[in-house]
Structures are given as C-alpha cells and as structure tokens.
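Undergrad: To start, I am sharing the structure in question, which I have written as structure tokens.
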Amino acid sequence: MWWDERVSARFRRNLQPTLTYWSVFFSFGLCIAFLGPTLLDLRCQTQSSLSQITWVFFSQQFCLLLGSCLGGVFKRTLAQSLFALFASSLAISLVFAIIPLCHNVVVLAVVMAVAGLAMGCIDTISNMQLVKIYQKDSAIFLQALHFFVGFGALLSPLIADPFLSDTNCILSNSTANASSNLPHIRKSLVPHHPGNLSHYDLPMKGMVVTRVSYAFWIMALINLPVPIAVFFLLYKERMVPCFNGSSHPLLSADELAMETRPTEKDDLSTSVQRPQAAGGHDDLFGCCQSKNFRGASYTYFAVHITGALVLFMTDGIVGEYSGFVYSYAVEEPLSVVHKVAGYLPSLFWGFITLGRLISIPISYRMKPATMVFINVVGVLITFLLLLIFSYSVVFLFVGTASLGLFLSSTFPSMLAYTEDILQYRGCATTVLVTGAGVGEMVLQLLVGSIIHDRGSYSFLVCGMIFGGLAFTFYAFLVFFHRMYPKPPSDLDDASPDKPAITDDTGQYQR
C-alpha cells in the first residue's frame, strides 16, 4: 500500500466511523448542488417571481453559515456528535422529500434554511471528528472527505437533469415568449448561486407542468442510507437509548502511544474525564470565551485569523467563479454560445472533484503547507493567464479546469496545516469552516454587484485580486507559524497552546 502500516492500522481500527463521516459529507454535496439547476422548476412550482425565488439561496447559505458556527456545540462527546450527524443527514433526506410539497416560496425558503443548518453541522462535525481521530495523519482522510462532497455535488445535477422542463413549466398566454428564454436562463443557474435573473419576465399564473418532484424523491432515497449508516455506528457504540449506554468524549492520539501502553486502562479513564476547557474544537461562541485566551501568545490568534482569511478568499473564489463564469463567457468579447458556456460550471466542479481524488495519495507524501502553497500560487497564475488570454475561448476552458484542480484541495490542506501548527488544541476547525462559509457568501455578492456596475471583464480582475490576497495571507500564516512558540512539557492544562494529549488509543472510547 502507498501509505505505511501505522496509518493503515489506524484506518482499519477506525474504518466504520471514517466511512460514516465520508458518507455524511456525500449528503452535504448532494444537497448543496441541486438548487441551481432546479430553480426554474421550483419557481414554477411555487408560482413566484424570480426575485422572490432567489431568497431561497440566501436562506440556505445563511443557515449553512449559522450551522457551521453552532456545529461545535455537539463535539463534546461522541454521542452528541453522532446524534447531531444522524439528525442532520436524516433532515436532508426529509428536505428532499418535502420540497415537492412546497407550493409557497416562503415555505420553500424555510425548508432550505433547515437544510442549511443540517449542512453546516455536517461540515463542522465531520471535519472536527476526523481531525480528532487521526490528528497528524488527518490530511489524507480530510482530502477523501472533501472528495465525497464534490462527488455529491456532481451527482445531484445529473439526477435532476432528466426531469427538468424543456419548455416553460407554467402554461399561460405568455408561454411561447417565455419558453424561448428558458434554456438560456437555466444554463445561467449553476450549482451554487443564480446569476442576474431580474430581467427575465416569466409568467406567474397558470397550470404547473413540472416533473422535478421525481428528482427530489430519487435524491431522498439515495441519501437515506447515510442516516442509516450513522444509526448503525450509534448502535455499535451502544449509544442507542434502549441500551442505556453512557456517552464518552471522542478522543484520538498517536498510535505509537497505544502500542507502548496497551494496558493502562485506568490512566486512560482518567484522561477521558479530564476537562478540556482549552481543548479547542469548540463552537464559535465557545472559542471566543476569555478563558480560552489565558496565556495565549499573539501568534495563537494570528494563526487562526490568517488561516481563516486564506479560506475566506479561496472558498469565495469557488463561489464567485462557479456563479459567474457562464455570465462572463456569454458576454463580449468571448460571446460563447449559451449551450457551450453551460458546460463551464460542470467542468469547474468536475475538476474540483478530480483534484480531490488525486490529492488523496498526494497528501500522504506531501506536507499540507506545501500543498497549500502550490494551490494558492496555482490559482494566482491561472487568473493571470486568464487575463492575458482573455480573448481565447479555448483557454477559458483550460483555465477553468486548472482553477478547479488548484482549488480542490485547498480547504482540507489548510485545515490539516493549521491544526498541526496548533497541536490540535486551538479552535482552528470551527474558525476555518466559518471563514470559508462567510467568504463564499460575501464574495459572491460582492462580485455580482461589481460585474453589474463595471462589466463582465471585472470578473477576472476580482479573481486575480482575491488570489493575490489569498497568497498574501498564506505568507503571513507561514510567518506566524515560524514565530509560534513550541509549548513546554509542563505548560498548564488551561493554556490554549498546550499540545494534544497523546495517551489514548486512537479509537472510540466506552
């Protein structure tokens, strides 16, 4: 095997929980990508205006951010984490099943808000728990985790496509005029965000003839094994209420420590009960408590902030590029045919998924810091070349694929790098997940307004600026990493700079 026996043995011992977290992230990807392609059919189903239906995007993204902030609340014990994941993954299946019954846009927005909360909890908890299990070996498993979100994001539009309306899905007197615009509008709706739709005049009254309900019910069935897998993990750990099992914190550590002390069960029980006030991996509000800052150096805060800013920029680029590359392509000077331009968002997400798959073996041989450096430099160079060859349609496709590859592994690599700097005792996971979510929401809105005022060319200029800022913040992160103090062995337990406890087994504890 291309990884060593120590990592392989740890993976085998934690096979079921690892596969469960990967499958839950598949639910995340499945849910995040379906809204764009189906938005026109949902608009017909709710008989709402285009400006009204776009609020569904906002409700999902805002509640995803809120769920990411609150997800750390459920990290304290394994039981809390698994019950939260079970509820979240089951909620996603229920959302898919309920969406066809939502004939009012406000009800649809509320349902998507619930989905956003579930997705946010999944995002934070799955990343946290994999980092807890594998710690310094977590990079490879985080790469695999984020491959599954890309796989889900590719699958849901493919499921929906056969059921999308080829003509206008509301029959009225103006159907003929609206039908000619529908393919163009649909192609401008990408997996994450809609473009500028306010100038399209579609009928709001008439008979609804959409078949998109079947797509949502199929996705609900496809996602159903995920909460079942989480339930089986709860059952295995004797955490189903009928077993009256007690819940214990999910711990992880160096496998070598287990091999040298396989019989120290009493010491392990003591370490399990030890309070983790400064143990990191808290919810965002818990991270902000003053008790977590006692004795912390300024570099402790700087590592958190610069790491979050890097992901603010890179995840923001993912959102704004996937959201506006079609609009950029169909405008002058490229004037790409609408049908051809519609492949660009799919190409972008396809290469993000491919890049995450390739990064799984690479991350075992390459340090996370090196991977992040290659990613941010690659993003910067790609945008520079896109600006230089801005009149080339061929290079737009090449650049889109290149950008997807370089952005694919940035989040898991940055998470592994930052957690390694902080010895898995800071709030890096929560802060980085929150920073990435804010960046994806804010930069997409910012670029949309700039393109509206300055024209489509500003799309690439904004990407270049964001890529440059990502590289700058990464350089600051490396600088603060070098300045970050090595914690002495006798550092007080309450200090946030204390290294992770390494006297556990790396498995789930009872």
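We number each residue from 1, going along the chain as drawn.
Even glycines carry a Cβ here, placed using N, Cα and C.
When I checked TrEMBL for this same protein, it listed these features:
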- 21-40: transmembrane segment (TRANSMEM)
- 52-74: transmembrane segment (TRANSMEM)
- 81-99: transmembrane segment (TRANSMEM)
- 105-126: transmembrane segment (TRANSMEM)
- 138-159: transmembrane segment (TRANSMEM)
- 214-235: transmembrane segment (TRANSMEM)
- 298-318: transmembrane segment (TRANSMEM)
- 340-358: transmembrane segment (TRANSMEM)
- 370-389: transmembrane segment (TRANSMEM)
- 395-417: transmembrane segment (TRANSMEM)
- 429-451: transmembrane segment (TRANSMEM)
- 457-480: transmembrane segment (TRANSMEM)
- 489-510: region 'Disordered' (REGION)
Undergrad: Near the transmembrane segment (81-99), which same-chain residues lie under 8 Å Cβ to Cβ, leaving out any that are not at least 6 residues past its ends?
TA: 20-21, 24, 27, 30-31, 42, 71, 74-75, 108, 111-112, 114-115, 117-119, 121-122, 125-126, 128-129, 213, 216-217, 219-220, 223-224, 226-227, 230-231, 233-234, 237, 239, 250
Undergrad: Which range wins on Cβ pairs under 8 Å with the transmembrane segment (429-451): 105-126, 214-235, 340-358?
TA: 105-126
Undergrad: Near the transmembrane segment (370-389), which residues from the same chain, at least 6 beyond its ends, have a CB less than 8 A from one of its CBs?
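TA: Here the qualifying positions are 139, 310, 314, 317, 359, 362-363, 395-396, 399, 402-403, 405-407, 409-410, 413-414, 417, 460-461, 463-464, 467-468, 470-471, 474.
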Undergrad: Does the transmembrane segment (457-480) reach the transmembrane segment (340-358) with at least 3 CB pairs under 8 A, where each pair is 6 or more residues apart?
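TA: Since fewer than 3 Cβ pairs under 8 Å link them, the transmembrane segment (457-480) and the transmembrane segment (340-358) do not come into contact.
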Undergrad: May I ask which of the stretches 105-126, 214-235, 298-318, 340-358 has the most CB pairs under 8 A with the transmembrane segment (395-417)?
TA: 340-358
Undergrad: Who are the chain neighbours of the transmembrane segment (298-318) in space, where the CB to CB distance is under 8 Å and they lie at least 6 residues beyond its ends?
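TA: Counting only partners 6 or more residues beyond its ends, the transmembrane segment (298-318) has Cβ contacts under 8 Å with 192, 352, 372, 375-376, 379, 403, 407, 410-411, 414, 417-418, 421-422, 426-428, 431-432, 434-440, 442-444, 463, 466-467, 469-470, 473-474, 476-477, 480-481, 483-485, 496-497.
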